[in-house]
Structures are given as structure tokens and as C-alpha cells.
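K.L.:
I have a structure here, written as C-alpha cells, and I will follow up with some questions on it.
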Amino acid sequence: MVLTVTVNNSIQGCKVSAIKSMFGSQVIPPNKSPHLRKSGSRPVVFDLDGEQGNTEMEGLLHSTEPSDLKIPSLPISTAAIMPSPILLWRFKVLLFFLWGVFCCKIGWDSVMRMSVNLRDLFLYEAFLYYNPLLLVTMMVWLWGVNLWVFAQSTISYAKIFDLDQNHLTHREIWKVATWMTIIVPISMTAYLYLYSHGEVSLAASQPVFLYCAVALILIFPFDIFYLSSRYYLLRTLWRIVFPLQAITFSDFFLADILTSMSKVLSDLERSVCRMVHRQVATIAWFEADSVCGSHSIGIPIILVLPYIFRLFQCVRQYKDTKEKTALFNALKYSTAVPVIFLSALKYHVLPDRWTDFYRPLWLLSAVLNSLYSFYWDVTRDWDLSCFTRIFKFNKPSLCSYLLHGRKWVYFWVIGSNFILRLAWTYKLSAHLRHNYLTVFTITALEMVRRFQWVFFRVENEWTKMSSKSNLQLSEISSEEKDKLLAPSDHNV
């Protein structure tokens, strides 16, 4: 086949392409097609039935290569001054480290300026205002790690939590946590510095301004700051407080996390109470008859609220499903109520009465609550079936898959969960809350325990959903098979 084409412009080139496609030859894309060639690559010459076709095709390519197809490359000087992503990341880490050292230095110098008698009370109050937000920031960081691990596995957490396409990924969660890590310590450093230098009114405004800013960001009605995710969080919190509808997985999952943050909520209530009564940057709250003092009845009430919410969810779940397991789960959360209120009685009874009668009851209820919660975590929430999955890895779970099926993972998680469940009682006890550094450490460890719990709980839910889907598919396929094998009434 001899193909003679005289190319004068790009229109004739298109005709050639059309003629070649009619005869079964390869087609050259149009001039402006992005598939013609990559930037910086050479033109491709097609073999078209003989040497003459090659010569004419080369002429066609040369004639149809106008100047507008040549993509200009960046100048060498411009490319040279653009830093690499690794260099930018290292620079950000260096700035973050220097900022942390700067805040610690100013905060330490501010504390050392105060007298020894007031220093401990001052630190206790400062921790009270910023302890909730610091622990929430830590929980956000850990939640980002959870999402990152889920993204690396086959678990579809978006399907489990019924999230839309605009849900936050682990990168966006970490971005939020980064800003929280920067803003909260800055406000705390400003509070310490201003108070130690005599600017009490300005120091008192720092936590007030920070709490107001956080509240405004959460309820901001415009489509900025991840509006859909903020709405999802607020809607879930509303469903937790008022469980008037069927309980979803995200409802009781977030409610379980709130039980681990009961101490955070208690400190939050005390902080807001002092802000409302203008007791910030004072020691009036330390008096026994103070509205926001250590003897306030609001402290045990706020501590117990997450467990009450979770108990109501279990009752609602039993009403919907008639499963007795929900009632046993409700019983587990009810065991936290005596721990909290027996501890609070220390401020309202005589010391001898507390030591002889109420303290043994408090210890007994604390041990019962810890052991019951530990048992439920392992056998129900994680579905380890009385530790049998420690030794059987026929169906690798999330953690066993990521860590190559090593048994020490389960030994570590179960052992640490048992120890931290026992220590968890410490933060629920109102009469131990003045040891603020110890309580802060134990609460942070409770966050770590909940962080480990999330992996197994979400994996267990995903396994149940997958098994249910497979069962439904098998039922559908069996029904279709029965229909095909059923005798027909038609006569052939």
C-alpha cells in the first residue's frame, strides 16, 4: 500500500490520521492531545508499510510540530532554588523544636519568679485550666495514628463510622493536632509569664480567650474549618446526651472514649466554673466553701455523666435488639457510679467514718469495676474469646498482620490494659485529685490504653460487618442457585 499525502497544515494532518485509521494502521493523536508525547520526549515514528511510509511520516511529524506544542521547561536557576519536601519537613521540625524550647524556658523562668509558698498552688491552677486541652490534643494525635494504621490495612473505617466522602483523613487530623499543639502551650506560657510579672488581669484573660475561641470554632456555621466534620462531631455528641434514636457504632464508640476522658470533662467543668465566677488567677477556689472549690458536688456529677450516657445507650440498645448482652454491658458502666460517689464522700463525712467504713467500700467497688471492665474489653469489645486468639493466628487480625503475627503484641495489649484499668480508678477518685502531676500522668496513660483499644474494637466491628456481608451474599447466591435448579413448568 502506497500512501501519498501532502501536508500543508494541521487540518491535512488530521485527514491523514483518519485515512490511516480506515486502513487499519495506527492513528496519530491530534496536535493538542495530551497523549501525543510527554514533556521533553522525542516524537515517535510509526512503521507504516514500507520505507516510503516512514519517510512521509517523518515529514508529517516535523510539519505538525508547531511551536505551541513545545512545553517550556523551568529554568535551571528556578529549579535550583526550590527546596525539596524533605528539607522543608526538617526545617519545620527544627522550628517546632526551637519553639518548644522557647516556651519551656519562659514558663520555667516564670514559675521560678514566684515564692515557694504560692508556687505549688499556682501550678495546680495552671494545670487545671490547660490540662483538658493538652489531653484532648494528645487524643487527637493518637486518633490520627489510628486512622493512619487503618488506611494501611484493609479496614474501611469510613464504612464502619458511616462517613461521607469529605471525612477527615489522618493527614488532616494531624494538621489539626499540630495547630492545637502550638496554640495551647502558647496560651499557657503567656498565662505563666503575665501572672509572674504582676499582670494578673491579662493573665486571667488567656484561658478565657482560648476556651471561647475553641467553642466558637466548634459551632462556627460557615463552610470553613471542616464544617461537615464539626457538624458530625456535634451531632454525635447530641445523640450521646439524648439517646432517643437507634444507637449507631459511632455513637457508643465516641461515648466509650468520653468515659476515658471523664477526668478531662471534670477539669473542664471546674475551669469554666471559675471563669464564670471570675476566680481565674486567684486562690479563692481553694477554700472549702467556694462555689468552684474542691468540695463542689459538680465534680462527681461531671465524672459520672459519661458512664450514665453509656448506660442509657445500652438500655436503648436492649430495647431495640432484645439482646441480654446489652444489659450486662449496662451493668459494667453502673459499677463506676459507686467508685465516684464513695470517693466524693470523703469531703462530706468525718475522717474516722471515711477510714473505717467508706474507704473499704470504695476499694471494693474500684476493684470490681476494674476487673469487670477488663474482662469486657478482652472478651466482648475485642472478641478474643478468652485469650484463645493469642495462640491461634489462622485468621490474622489487624495488629497480628501488621506485626507479622507475633504473640507478644497480644500479651502486651492485654497486660497493659489490665494494669491501666486498675490505675484508671485513681483518676475517678475525687479525694486523690490534688496530686495533679500524678493524675495528669495516669490520665495520659488512660489515653494510651484507649488508643490501643481502638485498634481491636474497630477491627472486631469490621470483621462482624464482613462476615455479615459474606453471609448475605452466600444466601443470595444459594437462592439464585435454587431458582436455576427448580423444575420448570414449561413444555418443550
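Each residue, glycine too, has its Cβ placed from N, Cα and C.
Copying in the features that TrEMBL gives for the protein in this structure:
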type: DOMAIN; residues: 290-489; note: domain 'EXS'
type: TRANSMEM; residues: 87-108; note: transmembrane segment
type: TRANSMEM; residues: 128-151; note: transmembrane segment
type: TRANSMEM; residues: 172-196; note: transmembrane segment
type: TRANSMEM; residues: 208-228; note: transmembrane segment
type: TRANSMEM; residues: 240-261; note: transmembrane segment
type: TRANSMEM; residues: 297-315; note: transmembrane segment
type: TRANSMEM; residues: 327-345; note: transmembrane segment
type: TRANSMEM; residues: 408-424; note: transmembrane segment
K.L.:
At an 8 Å Cβ cut-off, counting only pairs 6 or more apart in sequence, do the transmembrane segment (87-108) and the transmembrane segment (327-345) clear the bar of 3 or more pairs?
P.N.:
no
K.L.:
Averaging the per-residue pLDDT over the domain 'EXS' (290-489), what integer do you get?
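P.N.:
For the domain 'EXS' (290-489), the model's average pLDDT rounds to 79.
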K.L.:
Cβ under 8 Å, sequence separation of at least 6 from the ends of the transmembrane segment (240-261): give me the contacting residues as numbers and ranges.
P.N.:
135-136, 139, 160-162, 306-307, 309-310, 312-313, 316-317, 320, 333, 336, 424, 446-447, 449-450, 453, 457, 461
K.L.:
When only pairs 6 or more apart in sequence are counted, do the transmembrane segment (327-345) and the transmembrane segment (408-424) reach 3 or more Cβ pairs under 8 Å?
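P.N.:
They do not touch: fewer than three Cβ pairs between the two stretches lie under 8 Å.
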